[in-house]
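Pulled from TrEMBL:
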DOMAIN    5-343  domain 'Aminotransferase class V'
BINDING   ARG41  L-glutamate binding site
BINDING   ALA76, SER77, TRP100, THR148, ASP167, GLN190, ASN232, THR233  pyridoxal 5'-phosphate binding site
MOD_RES   LYS191  N6-(pyridoxal phosphate)lysine
Amino acid sequence: MRKHNFSAGPCILPQEVMKKASDAVLNFNDLNLSLIEISHRSKDFVEVMENARSLALELLGLQGKGYQALFLQGGASTEFLMVAYNLLNKKAAYLNTGTWSDKSIKEARLFGEVIEVASSKDANFNYIPKNYTVPGDVDYFHCTSNNTIFGTSLKSFPEVNVPLVCDMSSDIFSREMDFSKFDLIYAGAQKNMGPAGTTLVVVKEDILGKVERKIPSMMDYKVHISKDSMFNTPSVFAVYVSMLTLEWLKDLGGIAAIEKVNDKKGDLLYTEIDRNPLFKGFAATEDRSNMNATFNLTDDSLKESFDTMWKEAGINGLNGHRSVGGYRASMYNALPLESVQVLVDVMKELERKA
Ligand code: PMP
């Protein structure tokens, strides 16, 4: 039996996607060749790349609105510096909501002045700061929509009159938003999209080409756009699996449909965390993420029993990140509601036994 996989990333992907991906590794498109042994310039792979790029824009509702989708390499961590390389002339504003925002700020500081408009570092990032102002004279404003480690998410985004940049690595394609409010979105594939190895970048073309510095080709979004995301050899397998996952999502009814399931999963788990006296949530209630739920036991002496019980129930990947401790249940798009029910049943069982 498959495990109930609550891993934070790399993480669960749809079973039918795994099946198609493994078939393609053996024999892709009936070519009698593997997907990973053909040229990325072959017609068959170019079709994959084009399909993946157009599905990403379609699902986000951004087709025909001046955006380009790219599948790059180097993880979201490379986007921390690429964003600044391409957009930061003098000053940028950042909202600091966790480890990943913190790292993006550190990289941007290599390129210019960074104004941290607000931070929740004082409370180990267990909430999202509100009521901050974004100065009007910055080159862009950067935020992280979902904080994978701390289990918080931004429910709303500030109205700004500068380009809005967002790291959506851990909640892209999971909830509806007006994506056209954003000028640049990036996300590592290894949560809601595919295996590690590629990063989706969605960028509004008209914000590019405005910095004075020279940009090395691999770091230059314009170069990647001009080469249709094939400036160098793309991560063919990761792009293919991302394409399959985006097709799966489209067939399901897109972001609107998956959001309903994600809301149900979040409600189910958070209701139990709040009800069960043996558990307490980590993140501030109004900022809780439906992708990563962070919680702890109220009585540490129950840790051994609880850990044994969830492992026996076939659950994987529930340990919290080392900077928060406790538990983290990651409930990405491909995690079925039934898996969350299994976890909730174990929590109830612990209460009965304690
Ligand atoms: N941003 C967020 C929100 C993340 O969750 C992660 C990784 N988990 C990263 C950035 C870094 O991504 P990568 O490992 O692909 O560089």
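Every residue gets a Cβ built from N, Cα and C, even glycine.
Sequence features, as recorded in TrEMBL, placed on the structure.
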residue: ARG41; record: L-glutamate binding site; DSSP class: coil
residue: ALA76; record: pyridoxal 5'-phosphate binding site; DSSP class: helix
residue: TRP100; record: pyridoxal 5'-phosphate binding site; DSSP class: helix
residue: THR148; record: pyridoxal 5'-phosphate binding site; DSSP class: coil
residue: ASP167; record: pyridoxal 5'-phosphate binding site; DSSP class: strand
residue: GLN190; record: pyridoxal 5'-phosphate binding site; DSSP class: coil
residue: ASN232; record: pyridoxal 5'-phosphate binding site; DSSP class: coil
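The recorded positions close to ARG41 (L-glutamate binding site), defined as a CA atom within 10 A of its CA, are THR233 out of TRP100, THR148, GLN190, LYS191, THR233. Looking only at other Cβ atoms within 10 Å, the busiest spot among the recorded positions ARG41, LYS191 turns out to be LYS191.
Counting every protein chain shown, 10 other Cβ atoms lie within 10 Å of the Cβ of THR233 (pyridoxal 5'-phosphate binding site). By neighbour count, meaning other C-beta atoms within 10 Å, the densest spot among the binding-site residues SER77, GLN190 is GLN190. Checking the binding-site residues ALA76, THR148, THR233 for a CB within less than 6 Å of any atom of ligand 1 leaves ALA76, THR148, listed in sequence order. Whole-number maximum of the Cα to Cα distances across the pyridoxal 5'-phosphate-binding residues ALA76, SER77, TRP100, THR148, ASP167, GLN190, ASN232, THR233: 30 angstrom. For LYS191 (N6-(pyridoxal phosphate)lysine) paired with ASP167 (pyridoxal 5'-phosphate binding site), the C-alpha to C-alpha distance reads 13 Å.
Take the CB of TRP100 (pyridoxal 5'-phosphate binding site) and look out to 10 A: across all protein chains shown you find 22 other CB atoms. Neighbour density for ASN232 (pyridoxal 5'-phosphate binding site): within 10 A of its CB lie 13 other CB atoms from the protein chains shown.
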